[in-house]
């Protein structure tokens, strides 16, 4: 890699430009990945916190399961032993001073809430602390939930469903708020199903349940598609830059070949140079992305973690190396006579 490192030192500005472009693309993908995961959490965090092994939906006419259309009857809940009916709806919550859109999740009274929320299901409504502050209410106050008057039982930590904070209520209150006789929207199973689902029932795992949430599938597929396009663009940009640079190095490479350098050495030299440039670019982009993500995490749905930062960085670096391999594929085909003829 002697020649490759020497080239980087001799043309630092040119290589800095390539690294900065790679860094910019890495920054964009890191930010988009964090936003994708953050928006996903705002969609699914409440269901994910419940952590069921399986979820039972009801469907009509062979349609896909959806939280908006599934209904669980009391007879179904009794047939699925050791299951927990979960009611899910979205409505408007109002106090004397403010109003907001919220998701309402109903569970049988006494059911323990997820550790991330804390407490048990009580009669009345358990509000996220931030929502209670916004509405200026506390335990014992009355709110209007879905047109029904409900007593605030207390406050809990915030979980979200379909981008709205979740209010936890007992099943009877959920039926009142949702204006339904169903005991729930779905059934939560904590183990493998012990009976076969009926024709109008679908059993899915937790990830499958996410696909039944309003707008989750379309939102996530759009964001993931954008990430895929950025990965493709990064590979194309890397190939373009390194192809031009490799063509400019043809004479130097040919001279090395004429002096006896093996094709393997020439390829390692070229790829080593590309690896250094790519590493500098992705490190810069990932570092700035992590810093920006940390800065905005409190105001926008951004998930900052090792996966959202190192994942895109590693992906860009590997795609860049693949692109570099394509760009320098002619390195091993250099004829030493090119150099001898050019300098004769």
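Heads up, the Cβ atoms here are built off N, Cα and C, so glycines get one too.
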- Message: If I go by TrEMBL, the feature transmembrane segment sits on one of 12-35, 36-59. Which?
- Response: 12-35
- Task: Summarise the domain 'ABC3 transporter permease C-terminal' (228-336) by DSSP state, stating how many residues are helix, strand and coil.
- Result: 92 helix, 0 strand, 17 coil
